[in-house]
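Structure, as structure tokens:
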Amino acid sequence: MYFHFILLFLGAVWAQSTLLQCKGEWIKILESAKGIIGPSPSDYSKQFLYTGLNANELGQYDSCLELDNSKFTLIQASDSPIIAWGLCGPSICSEADYYLLLQSLADPEEKNEEILKTSFSKIVQASALGSLKIVFPKEYIDDHFNKYSSGETIMFTITIVIISTAAIGTGIDYWIYTQKEAKKDQEALNFLLKLFLCFSVITNFKKIFKSRSEEKFGEKNTFEILNSVRVLAIGWVIFGQFVNIISSNAALVNFNKLITIAKLTIMIFPLTSTLAVDTFLWLSGFLLGYLLLVEINKEEKKMSWILLYIHRLFRLWPLMLFILFFFWAFQKHIGNGPLWYNGDLYNNDCKDYWWSSMLFINNFVPNWKGSGCLGQGWYLAMDMQFFIITPPIIYLYHKYNKYIGWAIMVFFIGLTIIISAVVAHHFTLNIVVPALPNENNYMDYYFTKPYCRIGAYAIGVLSAFIVYSYKQFKENGTKYDPIGVWIGLKLENRRIRWTVGFIGYALINFIIFIQYDAFKNPGGMELTYPNWTDEENQAFIALHRVVFTFALASLLLPALLGHFSWMTRFLSSQIWTPFSRLTFCVFLLQQNMIEIAYRSQRAALWFDQFSGIKDLTWFFLFLFVCSIPFVMLVEIPAFEIEKLIFKSKSQIVVEEKKSLLMISLVEQEKKPYYA
């Protein structure tokens, strides 16, 4: 027991001793401020120069690390929005020293040098408002991020193998291009060479510019307008993520003006960007519904339901899992800076729940809330969950009764409205996502749950019923779906389609801009956003996504049916095609890439509508450029390998059928004519 007290006493003496040394060193640093201007400033003067003593002045991180007896220190008062100070302090100062120093400076009875009180006054004021966090970023990064695990080594090896395979495939492709004879015999290439060609950068880069509708249907059609819808929707998503991350995870000079900035009219677009996800859900429902109807109605081809699901996995798994494991393995090694100790925040859940993303249940696991591993992966889970249930419904619609399909989809729309209202009421949700304590419940129990979002998808499937039925009627005169044909024929009337289009356009604007009334009053620092009553919030949450998607369909359906040529010409322009090809990859990359960019910042940023638009434009293009290698080396090769595998199998079957046919013909020739 006596030994225990002796240890405590010695620890206190040691702490007091290092605190005095720390204080002494800081006094020398602060007193050397005048020496900055001299021809050869001392290390103390440089430490002062590299220190930020105002809120969110991050100092000069890299320059500080070059000094022998200095240690860069981050004192953080708030995580969101970030309020921090970057100090180039003495290497002798420990975390405990800084806490004791600030505590002593806050105590008016303690005797301290006036220069310390004056210089650290703002940090001391912040410490009085709550607990401070003292971090030594360089030490933290060295301890946590500079070691490579076996998993990271495996991922590095996989990446090198893919790049090497692409190099070989590109070389083979170029050789075939230069050899005329080889070109003629390309179909006779063995399986291994064809496998390498799947990774050819030359061929895959060209495919980025190829029309989707031409690829699927053999010619360009009105579906080309969906390219622009994809690009505009992903731009809206990026706008929202950009503003969310920069306002919560970046060090801003004008952090105290964030509430004022949030009231600007232009900010309604990032703040309502969650509606872009409903645009993607509508697109997904429409395209799947239409393509399934095309396949299932081909008389000469029997539908393979198992291959349908396998194809979907080939579509999602390769790129999704590669990006998940890529950032889980390498993100911590990519960035650096005073704020980088939090640089791997979005990957924290991957160790325990990566498998939930692979099984597409990461919007429920764990605890019915969802996993943060590959933060945007919840959408892919939801999309896959909708995909699983859609083919049986389409089969019932095609095989038995068209009204069954309509009834089920209308039921899903009603289900969305009812469950959304119940969830909003139970958790007292606010339409403003950042409203406290609303945010976590909004995302965990409403935003990522399929039963609250299937309405938009169902409207997409109904849109597919209409477009397919109308096209069938125009091509062969058959009323495949009486309801779909009736709606399509009604939209031939100029007045009706213009009225429908105008109503859609008006409703889209109404749903977006009516929310400004809720956003414009944050309710002070509490961020309660009290302008709308609980009942108004709940009613809006229940209805607004369904109404928005209905409006979107009303605007786009006439164009998909061949009307609104003035709009179709712009929306189906070739310029949208390459961007559209990259949108899936951009969606997967955007959250991690934005985090890397702003967690690696070396200096505080000024954020307003002008700087925001400038940075957003640059980042939008940057994301598309970054997505190109992932698409060329992972996404497109996965598609090509799938086609190669199943094409090879189908060719074997065809050859067997040809052989059997030839045998049958030979046998028939051997029989007498009277047999």
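Glycine is treated like the rest: Cβ placed from N, Cα and C.
Just so you know, TrEMBL annotations never went through curation; they're auto-generated.
Per TrEMBL, the features are:
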{"type": "SIGNAL", "residues": "1-15", "note": "signal peptide"}
{"type": "TRANSMEM", "residues": "154-176", "note": "transmembrane segment"}
{"type": "TRANSMEM", "residues": "225-243", "note": "transmembrane segment"}
{"type": "DOMAIN", "residues": "226-634", "note": "domain 'Acyltransferase 3'"}
{"type": "TRANSMEM", "residues": "275-293", "note": "transmembrane segment"}
{"type": "TRANSMEM", "residues": "313-330", "note": "transmembrane segment"}
{"type": "TRANSMEM", "residues": "377-397", "note": "transmembrane segment"}
{"type": "TRANSMEM", "residues": "404-427", "note": "transmembrane segment"}
{"type": "TRANSMEM", "residues": "454-470", "note": "transmembrane segment"}
{"type": "TRANSMEM", "residues": "498-519", "note": "transmembrane segment"}
{"type": "TRANSMEM", "residues": "539-561", "note": "transmembrane segment"}
{"type": "TRANSMEM", "residues": "618-639", "note": "transmembrane segment"}
Might you confirm whether the transmembrane segment (154-176) is in contact with the transmembrane segment (454-470), defined here as three or more C-beta pairs under 8 A between residues 6 or more apart in sequence?
no
For the transmembrane segment (404-427), out of 154-176, 225-243, 377-397, 618-639, most C-beta pairs under 8 A are with 377-397
May I ask for the residues of the chain that lie six or more residues beyond the transmembrane segment (225-243) and have a Cβ under 8 Å from a Cβ within it?
212, 267, 269-277, 279-280, 283, 286-287, 556, 559-560, 567-568, 570-573, 576-577, 579-580, 583, 586-587, 590-591, 594, 612, 615-616, 619-620, 623
Cβ contacts under 8 Å made by the transmembrane segment (539-561) with residues that lie 6+ beyond its boundaries:
222-223, 225, 229, 275, 278-279, 281-282, 413, 416-418, 420-421, 423-424, 429, 431, 446, 453, 455-456, 459-460, 462-463, 466-467, 470, 488, 491, 497, 500-501, 503-508, 511, 515, 532, 567-568, 571
Could you please provide the mean pLDDT value for the domain 'Acyltransferase 3' (226-634)?
93
Using a threshold of three or more Cβ pairs below 8 Å, and leaving out pairs closer than 6 in sequence, do the transmembrane segment (275-293) and the transmembrane segment (618-639) count as in contact?
no
Within the same chain, where does the transmembrane segment (275-293) have neighbours whose Cβ lies under 8 angstroms from its own Cβ atoms, ignoring anything closer than 6 residues to its ends? I mean 6 or more beyond.
216, 226, 229-230, 233-234, 236-237, 240, 308, 379, 382-383, 386-387, 390-391, 394, 398, 453, 456-465, 467-468, 511-512, 544-545, 548-549, 552-553
